[in-house]
Amino acid sequence: MRWSLTRADQTPAPKPGGQTYEEALRRNILFARLDDLVRWGRKNSIWPFNFGLSCCYVEMATAFTSRFDIARFGSEVIRASPRQADLMVISGTVFRKMAPVVKHLYDQLLEPKWIISMGSCANSGGMYDIYSVVQGVDKFLPVDVYVPGCPPRPEALLEGLMMLQESVGKEARPLSWVIGPQGIQKAPAPSRRDLKQAERNRATELHDPFSLD
């Protein structure tokens, strides 16, 4: 260990490597708005719930291995309880008997919470166009990111996670409490995603991704 003393009326001595103490201090202190720090921390610490429904879960579990290393994106903390998680990946076929269980688990997630629909079966029912399969998890849950494929590769899930992180990093944190003439009140902050869910469910035509419209 190396140390040195510098008088207050003297110029700080340069550290090994040519850096002064001011330069080293500038590299280790971050100045930002509180909202920016909250969004930065939130998007880089998404905790997924360890939950799977069908074969897509195999690809999801593979994304946590060292070969794909989902820990690079801050999502390596897999929680066994939905009360300790804020991300739920619907990976697999959602049967009608399983839908109430999925909804119950979603309600127990921590706020703010997000949903990734992984695979064709979760997105639209896949090839199971029958009475016993829900034709898309967005019929009863608000979905943030859709990952296509049957099944999607782990890289596709990581791409969906990066898209979710980008969206979370742009979310403005609403005011939680407002002081008014009636005292402290909680301001209503409805989710725009939830408000648009009914409109999106009624959509029958999608824009061509290669068009200029």
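From the backbone N, Cα and C atoms, a Cβ is placed for every residue, glycine too.
Keep in mind it's a predicted model, so treat the numbers as computed, not measured.
Per Swiss-Prot, these features apply:
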type	residues	note
BINDING	Cys55, Cys56, Cys121, Cys150	[4Fe-4S] cluster binding site
REGION	183-213	region 'Disordered'
COMPBIAS	191-213	compositional bias 'Basic and acidic residues'
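In three-state terms derived from DSSP, Cys56 ([4Fe-4S] cluster binding site) belongs to a helical segment. Within its own chain, Cys56 ([4Fe-4S] cluster binding site) has Ser91, Gly92, Met118, Gly119, Cys121, Ala122, Pro151, Pro152 as residues 6 or more apart in sequence whose C-beta sits under 8 angstroms from its own. Sequence-distant contacts of Cys55 ([4Fe-4S] cluster binding site), defined by Cβ-Cβ distance under 8 angstroms and a gap of at least six in the same chain, are Gly92, Pro151. Taking the binding-site residues Cys121, Cys150 in turn and counting surrounding C-beta atoms within 10 angstroms, the largest count is reached at Cys121.
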